[in-house]
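Annotated in Swiss-Prot:
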DOMAIN    10-90  domain 'BTB'
DOMAIN    125-223  domain 'BACK'
REPEAT    273-319  repeat 'Kelch 1'
REPEAT    320-363  repeat 'Kelch 2'
REPEAT    365-408  repeat 'Kelch 3'
REPEAT    410-447  repeat 'Kelch 4'
REPEAT    448-480  repeat 'Kelch 5'
Amino acid sequence: MPIFVNTVYCKNILALSMTKKFKTIIDAIGGNIIVNSTILKKLSPYFRTHLRQKYTKNKDPVTWVCLDLDIHSLTSIVIYSYTGKVYIDSHNVVNLLRASILTSVEFIIYTCINFILRDFRKEYCVECYMMGIEYGLSNLLCHTKNFIAKHFLELEDDIIDNFDYLSMKLILESDELNVPDEDYVVDFVIKWYIKRRNKLGNLLLLIKNVIRSNYLSPRGINNVKWILDCTKIFHCDKQPRKSYKYPFIEYPMNMDQIIDIFHMCTSTHVGEVVYLIGGWMNNEIHNNAIAVNYISNNWIPIPPMNSPRLYASGIPANNKLYVVGGLPNPTSVERWFHGDAAWVNMPSLLKPRCNPAVASINNVIYVMGGHSETDTTTEYLLPNHDQWQFGPSTYYPHYKSCALVFGRRLFLVGRNAEFYCESSNTWTLIDDPIYPRDNPELIIVDNKLLLIGGFYRESYIDTIEVYNHHTYSWNIWDGK
């Protein structure tokens with residue numbers, strides 16, 4: 001156990017030991033100890049006050065005192081008062097710090113703080129942080145605040161159980177707060193409010209003071225509006241937190257510049273938010289992802305995927321964002337949504353697939369094509385299931401087709417076209433597009449199914465086609 005010596009105090013111990021000795025028995029938490037009260041009174045004002053003898057005609061040579069200190073910490077302080085030496089290790093340092101603060105023994109206070117800062121442990125950071133606030137220990141407070149902010153996800157339960165409004169605010173307003181996105185902070189504040197049953201006023205103040213609303217998803221914004229009971233959210237112009245700040249994005253940067261960075265990425269959308277996932281950056285496949293709100297014209301952070309991806313496909317389902325296949329791991333699947341701590345790996349596909357067509361009906365995810373130019377297999381994943389299953393095969397191979405659900409049917413269109421009906425579990429052929437296409441897109445405009453883009457035989461297709469559900473055929477769209 002490390003020993004720390006107060007050399008200045010040691011020089012005075014001999015003189016103190018020559019003074020008249022008065023024995024005092026101190027009842028502490030967990031035991032009692034007999035001390036020389038004369039020496040202990042010289043140590044700090046606390047002991048002068050608490051060990052003072054009451055005046056009586058016949059003084060008892062031994063007095064009894066009760067102190068609200070644990071016996072182990074008190075013993076260490078008593079030994080220090082006799083010898084000028086204090087024994088500190090990671091097991092006793094926190095309790096000894098608290099006891100020395102209560103007893104005003106400054107040498108032990110600063111020795112304990114220096115020991116904690118030099119050999120910092122996660123297991124006592126929360127308690128030290130709260131002592132830093134309670135007793136105004138600025139260096140301890142600053143160090144523990146930064147540590148908790150950086151290890152926020154690991155310490156979340158301890159924070160909820162122990163922190164009041166002020167303790168919480170200092171952490172959540174930090175640029176160093178390590179969170180995957182800003183929605184996570186909103187969800188955390190709500191959990192803290194429910195668990196601790198705090199006053200609603202504290203919840204409102206926290207939301208207004210710590211949330212960086214310009215990086216919230218629509219889901220996060222709706223949660224804030226619900227809490228604040230308002231239709232418009234407050235404006236915040238703070239910089240993004242370091243944990244979700246993109247190193248390749250300069251601030252500020254417009255949406256077009258961000259989209260250009262995500263070259264050859266996978267894209268999908270939920271409402272007004274478009275998700276850009278993976279692709280090719282700096283001559284390599286990467287695992288970055290970002291969301292762009294084209295209504296509010298701001299970007300929303302997304303944590304990096306578990307795997308880099310190129311030629312993958314994305315689909316929203318089960319209130320999550322799924323990314324399927326692609327290089328370099330064409331059978332891998334993972335999912336995430338705003339407020340989640342990280343992407344979660346999902347069951348692998350039965351076949352490797354690149355740029356497969358994906359769609360979701362009733363939260364069942366369907367994957368078609370992307371395996372080979374002759375493959376007609378399909379796969380599906382039921383909600384809360386841990387394995388993909390083969391579905392009914394398509395009539396044609398759909399190596400570079402696209403899929404979209406329209407009118408309760410799953411349309412699969414590329415060089416050929418067909419649709420899937422979930423109730424009958426069958427595929428039905430429809431007329432092929434007028435212009436066969438690789439990698440086109442299906443969109444819905446004014447309740448019409450439109451086929452746009454794509455290329456064929458190294459030429460891009462600029463003609464838009466509209467589906468006629470009466471004739472099961474395609475027509476050139478005139479914009480009406």
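A Cβ is built for glycine as well, from the same backbone N, Cα and C atoms used for every other residue.
Just so it is clear, the model here is predicted, and its values are computed rather than measured.
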Cβ contacts under 8 Å made by the repeat 'Kelch 2' (320-363) with residues that lie 6+ beyond its boundaries: 153, 180-181, 183-184, 186-187, 217, 219-220, 266, 268, 270, 275, 277-278, 285, 300, 302-314, 369-371, 375, 377, 379, 381, 383, 385-390, 398, 400-405, 408, 410, 412, 414, 422, 439
Spatial neighbours of the repeat 'Kelch 5' (448-480) far in sequence, C-beta under 8 Å, 6+ residues away: 404, 406-407, 411, 413-415, 417, 430-442
The repeat 'Kelch 3' (365-408), counted residue by residue under DSSP: helix, strand, coil: 0 helix, 16 strand, 28 coil
Per-state residue totals over the repeat 'Kelch 1' (273-319) - DSSP helix, strand, coil: 0 helix, 25 strand, 22 coil
Overall pLDDT of the repeat 'Kelch 4' (410-447), taken as the mean: 98
Residues of the domain 'BACK' (125-223) by DSSP state, where helix covers H, G and I: 74 helix, 0 strand, 25 coil
